[in-house]
Amino acid sequence: MLDAVMLVLRETLEAALFVSLLLALGLHLGLRGHWARLALPLGLLGSWLLSRFAGDIADAFEGTGQELLNAALYAAAIACFIAVNTLLVPLLARPDRDAGPAPSPPVQGIAYRVLFVAIVTCSMAREGSEVWIYLSSFVGVPDAMSAAVTGGLVGTGIGLSVCALIYYAFSFLGRTTFLRLFFVLVTLVAGGLSMQLAKQGLQIGWLDSGRALWDTSWIVGERSWLGEFLHALFGYDANPDATQVMFYAGTLLAVAAGFALQTWRRRAHA
């Protein structure tokens, strides 16, 4: 049962953290959380479909289908996070004149919701499929299935509790303070996802691998509770390859480019 708790917690924590961050952002932007009612079912459906056809996916493209699909989901989430940060740039310099949320223009509100749905759906589909595959291995073994389901529910409960804590902690922050913190956190999140994207390319030989640049496992092990949390939120890797670090740096440059573009546009229209 403990194995089920850890596996489900690990696989659900990332999506839970993303949902809590995006719900808090929606609160501060005056966006209702209706988008989550679409994103969560889509994520569940996507995860089930990926697990249902896992064998066919893995065999596709000469045995690299799973890695390529994961890479596509990572890339989509990264692009959406960068887009969200770019949209937020004009709001970062505004002082908190009141305690209420900052209303977003209708077009931007739609853009935010589409990006939120895409991020959560990609994350849930990728991570949730592992849970379905794990549970399917116990079909026909009632006792083992019962223990796995119980452990899975415990792991899910822990993940949702963390999600709720983060949401309420961020909801009490001032709007500008939260937006600046969100911008930094999402930049780190996108960078972490880019390292996982690079890892998929390394696994199938599309990218050249080299030696690990450092080893921080003696400080925080990847399989520790803190390591699992950092991996879920920031893509923590104790032994990153040089290629992964290059992808991380490239993502930071993309965020910086979006920031510079929005700043230039704001000054040009001032």
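The backbone N, Cα and C atoms fix where each Cβ goes, and this holds for glycine too.
Note that TrEMBL annotation is computational and uncurated.
What you are looking at is a predicted structure, and each value in this text was computed from that prediction instead of being measured.
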(request) For the transmembrane segment entry in TrEMBL, name the matching range from 38-55, 110-127. (result) 38-55
(message) Checking distant contacts: for the transmembrane segment (38-55), what same-chain residues at least six beyond its ends satisfy Cβ-Cβ under 8 A?
(response) 15, 19, 66, 69, 116-117, 119-121, 123-133, 136
(request) Report yes or no: does the transmembrane segment (147-170) come within contact of the transmembrane segment (245-264), defined as 3 or more CB pairs under 8 Å with a sequence separation of 6 or more? (result) no
(message) With a cut-off of 8 Å between Cβ atoms, can you find at least three pairs linking the transmembrane segment (12-31) to the transmembrane segment (177-198)? Only pairs 6 or more residues apart in sequence count.
(response) yes
